[in-house]
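Taken from TrEMBL as is:
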DOMAIN    3-59  domain 'WHEP-TRS'
DOMAIN    37-393  domain 'Aminoacyl-transfer RNA synthetases class-II family profile'
BINDING   D130, L131, T132, R157, Q173, D177, R326, Y330, Y331  L-histidine binding site
REGION    486-512  region 'Disordered'
Amino acid sequence: MAERAALEELVRLQGERVRGLKQQKASAEQIEEEVAKLLKLKAQLGPDEGKQKFVLKTPKGTRDYSPRQMAVREKVFDVIISCFKRHGAEVIDTPVFELKETLTGKYGEDSKLIYDLKDQGGELLSLRYDLTVPFARYLAMNKLTNIKRYHIAKVYRRDNPAMTRGRYREFYQCDFDIAGQFDPMIPDAECLEIMCEILRSLQIGDFLVKVNDRRILDGMFAICGVPDSKFRTICSSVDKLDKVSWEEVKNEMVEEKGLAPEVADHIGDYVQQHGGISLVEQLLQDPELSQNKQALEGLGDLKLLFEYLTLFGIADKISFDLSLARGLDYYTGVIYEAVLLQTPVQAGEEPLGVGSVAAGGRYDGLVGMFDPKGRKVPCVGLSIGVERIFSIVEQRLEATEEKVRTTETQVLVASAQKKLLEERLKLVSELWNAGIKAELLYKKNPKLLNQLQYCEEAGIPLVAIIGEQELKDGVIKLRSVASREEVGGRPKRRPCGRNQKENKPAPLHLLS
């Protein structure tokens, strides 16, 4: 046994060495050499006499959520849902998996991240990648041409997870979309207003919303000399400018995607510009861009959008950024992305973006891809990146060590003496029937100190104490757990608020 334990330890250490070399991106030869050693050790170890070891863990890119974490998530969801409802949205739901052909060809280079399910005989299925394509399928299938909806659900991506930055393989999306034929830029402006409302309400820090238009991008690529066949792949490269330098993006365009260096330089002259409505007006006068019909339409709509955003009072939060590309294939018009800003290190420096927390745009052609007659339903929407927001909120709570209540219990029904279980059960039942959130300890004769301690640990604000004297008087004693102040209680089976002898009315409004 001791010999086997020593061998198991060697296997563990060698396994750690192999993982370390992979993380350090060591040479393939060195990794292969160490893997061979590991396999040799495992061969020496042999089978574990029929006993199979099972490692308890969640799959890569997923996680469990504790009651504390779920309490935080629910508060965030409440803020988001109340905003969606405030703007008149209805709620829908769709299956977690779709026909594979429904999702195929909608996400450009990101299509490789779709999870395909094993063929169960009959239908080829995939887990949904986002909530937008299923929504478009829903509209086409039900022949809907007008709806304002929200949808909060999990989506799945075979991505490289970065858990600390809120990047998972299974995660929630919170989508709001307006479908229908309306006057230009009014629904688009409302989507940006909703995005700003939610980010302000969550109080997670200063933010900036970048906007652009796919028509401006396509027009810019055309005048710069990008072949039509390379528009989407070059768009995908430009979209990386918020993460890497222009030189790296240019290198990818030229070396990997075969773009001429002078064409890439021409693109660079445009995509490194950002500003407000003044930049829109400047580009409307651009001798090359103004000659392109697509770009001119996009710039005209953006000018109108900025006018509406000024009326909403959020124009100062919006930046026209020509590098914003949004890699998804289905966008056709305005696109936008909200990023949190890092405080400048020194005065005079520009704030740095620390990550996208919301995004969206206009996709007028997606529903038509599913309609047998190709009928289009114009759509615009947004998606809140809640996982990123959860990560930020959780980190702040850990830093401040703020206590988070994981239940909503308003009162604990307690007893001061023994043999009062029946009275506790009757009272807690009365409270439940009145719609009051109440608990009791699952012991026949719990000690009063233990009951009060439970209240403090769970954050329960009030405790209703039943004792022999209270039973004789037909009242209960109500104690505030925080202040320890006690007041005489509510007369049993009498309207709330009447005095009993010298007792004050119990503050039962706190429970309702």
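Glycine too: its Cβ is placed from the backbone N, Cα and C atoms.
Predicted automatically and left uncurated, TrEMBL annotations should be read as such.
Worth saying up front: this structure is predicted, and the values here are computed from it rather than measured.
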Legend entry - Per-residue Cβ crowding (10 Å cut-off), top of binding-site residues D130, R326, Y331: Y331
Inset, instruction - Kindly state the mean pLDDT of the domain 'Aminoacyl-transfer RNA synthetases class-II family profile' (37-393) in the predicted structure. - result: 89
Inset, instruction - Look at the binding-site residues T132, Q173 and tell me which residue has the greatest number of other C-beta atoms within 10 angstroms of its C-beta. - result: T132
Legend entry - Site extent for L-histidine, whole Å (max Cα pair distance, D130, L131, T132, R157, Q173, D177, R326, Y330, Y331): 21
Inset, instruction - Taking helix as H, G and I and strand as E and B in DSSP, count the residues of the domain 'WHEP-TRS' (3-59) in helix, strand and coil. - result: 39 helix, 0 strand, 18 coil
